[in-house]
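Engineer: Below you'll find the structure I mean.
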Amino acid sequence: MSKYILAVDEGTTSARALVFDEDLNVISIAQTELTQYFPRPGYVEQNPEEIFEKQVSMIKKAVEKAKIEISQVSAIGIANQRETTIMWDSRSGRPVYNAVVWQDRRTSDITDWLKSNYLNLFKSKTGLIPDPYFSASKIKWILDNVPGVREKAERGEIKFGTVDTYLIWKLTNGKVHVTDYSNASRTMLFNIKKLEWDRDILEILEIPEAILPEVRSSSEVYGYAEPVGNIPISGDAGDQQAALFGQLGFSKGDVKCTYGTGSFILMNSGEEIYDSKDLLTTIAWKIGKDVKYALEGSIFTTGAAVQWVRDGLGLVSSSDEIESLASSVVDNGGVYFVPAFSGLGSPYWDPYARGLIIGISRGTSRGHIARAVLESIAYQVRDVIEVIKKDVGKEFVNVLKVDGGVSKNNLLMQFQADILGIRIVRPRVIETTSMGASMLAGLAVDYWSSLEELKSKWAVDREFIPSLQEDRRERLYKGWKEAVRRTIGWAREVETME
């Protein structure tokens, strides 16, 4: 009887489960949308119980669609939206508050204070720049603002987890409270040099260490999924680190970009921890005793900008239509779009930037707006690649591997090659986040024997070669940089006018 690996891909907007065979073919996909709540400007929340219930439902549905028995699944690997913060009562198992999503900006005041007083400490210990993006300030906000939670936490009655931790805890019926090194490194509480929770930071933020999960490797058996046949849960990684693994980014210098709700560029930096002023240093994964680090640029709004064109502007009826609309014009017509809906991430790190469309004339059409939106994605990726080249050397970034749903857009991928001036490689299976989770799970239970075996099963779908002349490339990019300059600090400036 054939055996399979199941990936849980718990994203920002959907709960997904995928079944892979030993040749890394996707046998089935089950997916359902998750509800997001926006109770106040800057707030983004989800219901943790909805996340769990829908994820279990998708596991069962993926197995059913694959026309296999649950007993044929050798292991489960989890990849999750990172930083999103869940806290729950350890006795009842009930969340004490909604999940505070990584996009949430309510804690800007806390992180401004941390930046002003402890920037170098946080950067040197965690590799991260204080920002509402990460879990630490979200935890502090819940402890300080939800009645009774701090008192319960002090008594050891509260547990914290990123989404992977919560899912594993629920799947194991409360038996296992763990996370992996990649997810721990995104909390802004984890010392990436000492590989432990940092007590100095916990003291600054007044966070009890007892609420934190045990940190384990990214590929080992953590426990068994009781609601779905007691399958071993043996892979765990943050979604972007999982995607780097799924792109075979095993060697120093390997770079990938995942185009999803946001876009995330990771470069495997091996065992070296780079001190970058504008990028994040994070843990890619730990397998056995081997810890790999990565440089990361985090772009908050890319695929979400395409959704805005569909839902907010009504220019297209489906996200797929944006490519044909953007292709109806030969260029952007001088229009630039900066999608700073919730601030700007790497390399600007400005929570007060706000969105902008500039360069509009009477000749501007729907096509120009659509094209400017797509081009904004590529420009933001170049912003990050420029900093990587500056930090580690130009010789490291000659090829960019791409994945995620938005990478199916051929117009965008060609423009990405053009604006970077390097080759873009899209794999046959763009579900690399799920594939990476499957690989980590499969390696732990000897479903696959080695990284070399995995390399032999990976294939390319298409390569995009740059065709834009360098002077044109640089003129376009200069226009983008000027547009970004005009968005910086906008929300703060407006506040001072009131």
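Just so you know, glycine gets a Cβ as well, placed from its N, Cα and C.
Residues or ranges marked as ADP binding site in Swiss-Prot: T12, R16, T261, G303, G405, N409. Under the heading sn-glycerol 3-phosphate binding site, Swiss-Prot lists T12, R82, E83, Y133, D239. The annotation ATP binding site is assigned in Swiss-Prot to T12, T13, S14, T261, G303, Q307, G405 on the grounds of sequence analysis. Feature annotation from Swiss-Prot assigns glycerol binding site to R82, E83, Y133, D239, Q240.
I'd like to know what surrounds each of these features in this structure.
Structural biologist: Secondary structure from DSSP puts N409 (ADP binding site) in coil.
In three-state terms derived from DSSP, R82 (sn-glycerol 3-phosphate binding site) belongs to neither a helical nor a strand segment and is classed as coil.
In the three-state DSSP reading, T13 (ATP binding site) counts as coil. Non-local contacts of T13 (ATP binding site) by the CB criterion (under 8 A, 6+ apart in sequence, same chain) comprise E33, L34, Q36, T261.
Shown in sequence order, R82, T258, F264, L266, E296, T433 are the residues of the chain, 6+ apart in sequence, with a C-beta less than 8 angstroms from the C-beta of Q240 (glycerol binding site).
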Engineer: Excluding R82, E83, Y133, D239, Q240, please set out which residues of the same chain place their CB within 8 Å of the center of the CB atoms of the glycerol site, keeping sequence order.
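Structural biologist: My list of surrounding residues reads Q81, T84, W102, R186, G238, F264, S298.
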Engineer: Give me the count of other Cβ atoms within 10 A of the Cβ belonging to G303 (ADP binding site).
Structural biologist: 22
Engineer: Specify the count of other C-beta atoms within 10 Å of the C-beta of Q307 (ATP binding site).
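Structural biologist: For Q307 (ATP binding site), the count of other Cβ atoms within 10 Å is 14.
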Engineer: Count the Cβ atoms, other than its own, that fall within 10 Å of the Cβ of G405 (ADP binding site), considering every protein chain shown.
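Structural biologist: Counting Cβ neighbours of G405 (ADP binding site) within 10 Å gives 17.
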Engineer: Count the Cβ atoms, other than its own, that fall within 10 Å of the Cβ of E83 (sn-glycerol 3-phosphate binding site), considering every protein chain shown.
Structural biologist: 26
